[in-house]
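Undergrad: Please find one structure pasted underneath; my questions will follow.
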């Protein structure tokens, strides 16, 4: 089942199997009665907007949202419904952050600890985890080492063991440092419980940010701290550090910050991230500056702070410091773009990835200019990278189109909100305009599939292509159809 034509294990299949097993284990644990608080459904449907009028839908223009989450029955007496546990486990494993129940009041400390573990496993990356476990046992196979090589492209294969250990240590140290800062700041704010629970919230938030998961132990995400530069700044740093991708930090660690020594992946990531964050901040501020429901009520300094955070979070953490549902549709489109681009390859972020987007744009620009070779930031781009980037881009756009069509066809929420929800799931972001809990189980299943594809798609496509490569014994005649 997980072997290619040569009888050896396919790395891409290993990754898929590892993710599915992790998600299944998380679902089982979240179905246990001990994972729930027992305080009722504790839904977040008060965030859902009024349903729009829809032809033949049977829904009045301003009917209130449904008051129950569509779900299957409890897997165990007193436990969470199977569909709720599955959706939440998938969202945590894929480090997305979309939720159908309130994380802080629905899940007990045990349930939140399960979510924390799933976020760590999903954020670090199942490929790295598989390789790390095999290396720890002293019996790593060539295929599991290939899995790690895809995750840590640019690092010599012989150095994977030490590199993975360094990355794991760096990840934990970063989370520990900012976990302490957040725990202190949350406690000082008086808005969260003190003591052990306050400390847990700080470290939970730090892990969620570093892994670009977007889970918060409060219904309103981090909107209660939209005036606090320490909280939002700490989260933004963790999001960017985790989202840049492990290969970037590994190369910087080995080769230092000397531009001429950096490979193309690192160059694109550093420049692309700076451009997207700066450009996103300007657009967010320009579009929402006078919106009384978002930035309009803040003073200029807080407006810039929240515009910056709104540009960082969609790539691809999913925290919101201002009300997403109250933003203008034009702002949603900007956020859609930021979500789809995402962060770095083999890191904690999702989306198309900055490198993939840059390669596609450079390839298109090269075709327009009729360039024989595509050059980016002083280096020539390999043709294989161009083909892979265009294939991944086409897959993502095709999935967005099909999924939005299905959402619009089966729900009353319209094009803008459906597009936002699909982009958020496929890019593993977790932002929502408030409609996720009221979606039917079938639509929630669609979002689960999108989250899995978004988290695994580009990487598994690359490794699967490598596994299927065959030597050609003949070539067909070449021809050129008309294009354009």
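A Cβ is built for glycine as well, from the same backbone N, Cα and C atoms used for every other residue.
What you are looking at is a predicted structure, and each value in this text was computed from that prediction instead of being measured.
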Undergrad: Looking at the candidate ranges 38-62, 113-137, report the one that TrEMBL labels transmembrane segment.
TA: 113-137
Undergrad: Please give the sequence-distant neighbours of the transmembrane segment (230-254): residues at least 6 beyond its ends with Cβ less than 8 Å from one of its Cβ atoms.
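TA: Same-chain contacts beyond the flanks: 123, 125, 128, 151-155, 159, 163, 166-167, 170-171, 174-175, 178, 181-182, 185-186, 189, 205-206, 209-212, 222, 262-263, 265-266, 269-270, 273, 277, 305-306, 308-309, 312-313, 315-317, 319, 321, 342-349.
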Undergrad: When you scan the chain for residues with a C-beta under 8 Å from the transmembrane segment (266-287), skipping those not six or more beyond its ends, what do you find?
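TA: Those are 154, 240, 243-245, 247-248, 251-252, 259, 295, 303-304, 306-308, 310-312, 314-315, 327-328, 330-331, 334, 338, 341, 343-344, 354-355, 357-359, 376-379, in sequence order.
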